[in-house]
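Enquirer: Provided herewith is a single structure, encoded as structure tokens, for subsequent inquiry.
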């Protein structure tokens with residue numbers, strides 16, 4: 001019988017529900033249990049694909065091409081599993097499906113309501129995950145905060161699941177904040193008490209309360225929370241700010257959270273073997289070198305917009321025993337005149353993915369600086385496209401060369417739409433999305449990084465390199481070092497006369513893991529260390 005764990009949040013959002021869920025998933029997996037994890041988001045968008053990164057952080061892409069919440073990145077990195085489109089459910093998806101069924105006549109003329117139709121659809125998404133994966137445990141994180149009007153159907157659905165499958169097969173974890181009032185020198189449990197009261201008014205009694213805090217939580221405070229929230233003091237789990245996120249599973253294990261979960265769910269499993277994870281955390285906390293990477297983007301004021309890129313850089317750093325210091329460089333403030341001053345202290349330059357025409361010239365200036373001054377450069381998606389534009393302008397001398405996405409009337413459309421994309425009007429879900437193979441050219445830096453000539457990577461883009469310019473580019477020294485297996489689509493370019501200048505059309509950051517860094521990131525950080 002599959003067991004179900006639901007993680008809710010109270011008091012404030014962005015409290016760490018995703019990290020808690022991912023960390024618990026890691027512990028349970030290391031106890032020999034099969035784990036699947038999913039995120040329910042109460043917003044009405046079908047997915048975050050068309051949302052501004054300022055609104056929602058990065059869009060995380062799964063193997064099957066789903067554009068999902070960034071928490072799925074945490075899940076994949078912590079638990080080391082590959083999720084799919086069923087792992088992220090939104091209000092928009094659920095309502096779309098229910099309306100589609102109503103139009104088909106599936107409800108036999110009945111009045112379609114939030115209860116039971118919306119809640120049944122939500123429950124089906126949970127049970128579908130169990131059917132498709134046959135996992136021992138399904139962990140479902142409910143986005144938002146208890147008390148939000150948008151969350152009510154989700155909370156009602158997970159309340160009903162307890163009746164559907166039995167109390168011994170369901171566990172509720174509530175994550176709350178214990179704020180520290182600096183002026184009073186006190187921590188306050190009242191917000192947690194009120195949040196649990198709100199949750200209980202909706203019919204859900206949490207079995208475990210995870211309290212986020214900056215300061216240690218005393219036993220007296222745990223006893224107080226337990227008394228008012230009707231749980232044992234041992235079921236109040238402290239989650240303090242950590243030096244590294246990857247220490248959270250060890251902190252939860254130390255407080256026996258996984259034991260409490262298994263006892264409640266009436267499961268038996270051996271203790272989690274966490275030696276490798278402990279070694280990883282020890283390594284992360286004791287890095288002996290430092291390397292500075294300039295990350296040039298237009299959303300740098302919200303670092304979550306580049307969360308997976310930053311994590312992949314850190315993973316590569318762990319492998320090189322190096323702490324990654326990221327310079328978050330706003331491309332809107334970079335010009336040809338000031339780029340040398342801005343970049344003078346960086347050991348490597350990375351231009352990540354992005355859309356739209358704002359701040360493009362700042363990125364191109366950074367790429368030119370990296371190429372001319374032999375600074376290691378790594379371009380991802382748009383960072384690859386602009387590398388070819390910069391080369392066309394400044395090496396081939398093609399004046400006004402650009403991407404047709406940015407400048408539709410350009411004479412030299414180095415980057416252009418594929419023919420099959422030209423008549424598409426909708427923005428959502430129409431990109432080249434998900435895992436695709438790429439064939440690597442022998443004797444290139446890309447092959448040196450991967451150690452093989454055939455790889456699979458995740459994509460998220462609409463525009464492609466224009467093959468009309470391929471021969472010109474290669475004759476001038478830009479190597480096309482990877483293509484789609486049929487040779488039609490350019491996947492990686494690099495420079496022959498540069499220590500390390502590699503740019504890829506795909507998003508390699510999505511497959512990086514803390515104990516298994518992605519190959520291009522690993523070699524990029526190595527090149528940056530050599531450039532110190």
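Using N, Cα and C of the backbone, Cβ positions are placed for all residues, glycine too.
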Enquirer: Among 13, 14, 23, 403, find me the residue Swiss-Prot lists at the same CTP site as 148, 149, 150, 188, 189, 190, 191, 192, 193, 224.
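Expert: Of the residues offered, the record points to 13.
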Enquirer: Need one residue: from 69, 71, 80, the one Swiss-Prot lists with 14, 15, 16, 17, 18, 19 for ATP.
Expert: 71
Enquirer: Take the Cβ of residue 509 (active site) and count every other Cβ within 10 Å, whichever protein chain it belongs to.
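Expert: Total other Cβ atoms inside 10 Å, all chains included: 29.
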Enquirer: List only the single closest residue to residue 507 (active site), chosen from the binding-site residues 17, 18, 71, 149, 192 by CA-CA distance.
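Expert: Closest candidate to residue 507 (active site), judged by Cα separation, is 71.
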Enquirer: Largest pairwise Cα distance, Å, within the listed L-glutamine binders 54, 354, 382, 383, 384, 385, 405, 462?
Expert: 23
Enquirer: Provide the three-state secondary structure of residue 15 (ATP binding site) computed with DSSP.
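Expert: SS state of residue 15 (ATP binding site) = coil.
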Enquirer: For residue 509 (active site), identify the closest of the binding-site residues 17, 19, 191, 192, judging by Cα separation.
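Expert: Minimum Cα distance from residue 509 (active site) across 17, 19, 191, 192 lands on 19.
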Enquirer: Mean pLDDT over the region 'Amidoligase domain' (1-267): what is the value?
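Expert: Value for the region 'Amidoligase domain' (1-267), mean pLDDT as a whole number: 94.
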